[in-house]
Amino acid sequence: MTAASPRELADLALVTARAAAELVRERARGHVTVAATKSSDVDVVTEADRASEALIRAHLSAARPGDGFLGEEGDDVPSSTGVRWIVDPIDGTVNFLYGIPQYAVSIAAEVDGVVVAGVVLDVARDAAYVGHLAGEDHPASVTRDGEAIAVRGPVPMALRLVATGFSYDRRIRGLQAEAVTRLLPQVRDVRRLGSCALDLCLVADGRMDAYVEEGVNLWDHAAAGLIARLAGARTVVATGIGGLDLMICAPAHGFDEVFRVVRAVGFSPDSGE
């Protein structure tokens, strides 16, 4: 398998994500059922998750045999090419299960351990967020439906709209709820929308001022994290109060203040100033 540029990998990811999104839309028109649970009884997998991941695996392996694969719903496949695909077939499964139109297909391409391309396809709105690093013959790019996007300009902490989410672990949820209670008086408001990938893309697109959530996995944020960074955000994965990965994302120009407040209100065990 020949080497591919970041733009070529992004193009393949986009075609694949569109096909998977169409499958998910078809399944959404039918009766959605839970196929299994994972970390807890509220952490669910639907048959559509499995079908979407199978389609993505088949499409990518046909186009690029030998590439590795890390998916939320299946076994890992090692890479013989240096390229690994990191996939969440439906990010926001509970929203999908309940018919809430806030879920996405997420596909990232990693080369030698570095994410170089990412696509997040907002299924309900058919909106495609695409980002890739610069290659030998092309610059870096980040777009929504082909139009360049960027983070929102500087605002005081008190005027920031912050997205968050909650762990499937009930003990950690309680700790997160306490942190959110302390955060609320310091920001404009908090939104809990149910999809890590789309929350990060909203920061990238200037529609959200920050995002913080404990309990995220690599497939949740690999593609959207790259998109956010290319749009002018900074991302950090720290350790949360419950001991799980804590994703913090905000425009680079105001990230330090967001990070300080997130620590101070108790999202991270290191809450000292």
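Glycine too: its Cβ is placed from the backbone N, Cα and C atoms.
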Site co-member for Mg(2+) 1 according to TrEMBL, given Asp88, Asp91, out of Glu72, Glu73: Glu72
Residue among binding-site residues Glu72, Asp88 with least C-beta crowding, 10 angstrom cut-off: Glu72
Nearest-integer angstrom distance between the alpha carbons (Cα) of Asp88 (Mg(2+) 1 binding site) and Asp220 (Mg(2+) 2 binding site): 6
Any further residue of that chain within 8 Å (Cβ to the Cβ centroid of Glu72, Asp88, Asp91) of the recorded Mg(2+) 1 site: Gly71, Val87, Pro89, Ile90, Thr93, Ser106, Ala197, Asn217, Trp219, Asp220
Where Glu72 (Mg(2+) 1 binding site) falls in three-state DSSP terms: coil
